[in-house]
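The block underneath contains the structure these notes are about, expressed in structure tokens.
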Amino acid sequence: MGNQFKTLALLAALSGLLIAISYWVIGGSSGLIIGIGLAAVTNLLSWYQSDKIALAVYRAQPVSESQAPRLYRMVQRLSQRANIPMPGVYIVPGQTANAFATGRDPEHAAVAVTEGILNILPEDELEAVIAHELTHIINRDTLTQAVAATVAGAISFLAQMVSYSLWFGGIGGRDNERGGNPLGVLLTVVLAPIAATIIQLAISRTREFSADAGSARLTGNPRALARALQRLEAAARQIPLNANPAFEPLLIINSISGQFLGNLFSSHPSTEARVQALLKLEKQLPTIA
């Protein structure tokens, strides 16, 4: 229920923000009508298509057992162990090392890994990463994360459109009730990206700790995930995954780490904190497994 409530709250926040932006930028009743229409379309899109959007953003390609036997069989084996339907299996092209899961429920889920992660992680560490992503699916985190990413992406996109329009004759008609509000335009361009970041931060960082713990329980090997996280953080510094920042929270690890502002506004806890939590969990595992 907590995830469902948070998802609904995010959708409501998006609706209110889009309507407010339309009102201040376009003006009057026209702005309200356009805002309501945009809110309705975006809500439906984020609810039903957010997984497809996430996969498209990262250019993830579906793979079969014959195309990626090692990965496919690993996802299949862990899904059976977790007693969930097997999600779709995807590979993201490129040598950056990362992974994510998406989908509104276990029946409509997907797990995606990069080519880079397949190249650098040994068997036990890759298994721990897959188990982490499956735990997100089990906990229904994937719905909340995907919707939040779509919401934040929509806000950022709208801010960019408003910014571009300033270079091409302005926005808002002269025949509406308010004629467009210059202050509203400025606030949209400046504050909308910040609002997108706040929405990302609304997704609790404890979700990552929970997924880490779920991986440890599923594999019985918390130290493998700890090693994988350290390896992935080092790899991300060398080859970051370039994509819309709104979809950063879907990844198992921040694609760009070690920067003050990046850590301050990160939707992930620090890798050091996650590793320490896993090492503590290792001592407790026989009693909680």
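Heads up, the Cβ atoms here are built off N, Cα and C, so glycines get one too.
Binding of Zn(2+) is annotated in Swiss-Prot for His132, His136; the matching candidate from Glu65, Glu107, Glu208 at the same site is Glu208. Same-chain residues with CB within 8 A of the center of the His132, His136, Glu208 CB atoms, the Zn(2+) site residues themselves not counted, are Ala101, Glu133, Thr135, Asp141, Arg207, Ser210, Ala211, Asp212, Gly214, Ser215, Ile252. The two recorded residues Glu208 (Zn(2+) binding site) and Glu133 (active site) have their Cα atoms spaced 10 Å from each other. Ranking the recorded positions Glu133, Glu208 by the number of CB atoms within 10 A of their own CB puts Glu133 at the top. The number of other Cβ atoms within 10 Å of the Cβ belonging to His132 (Zn(2+) binding site), over all protein chains shown, comes to 26.
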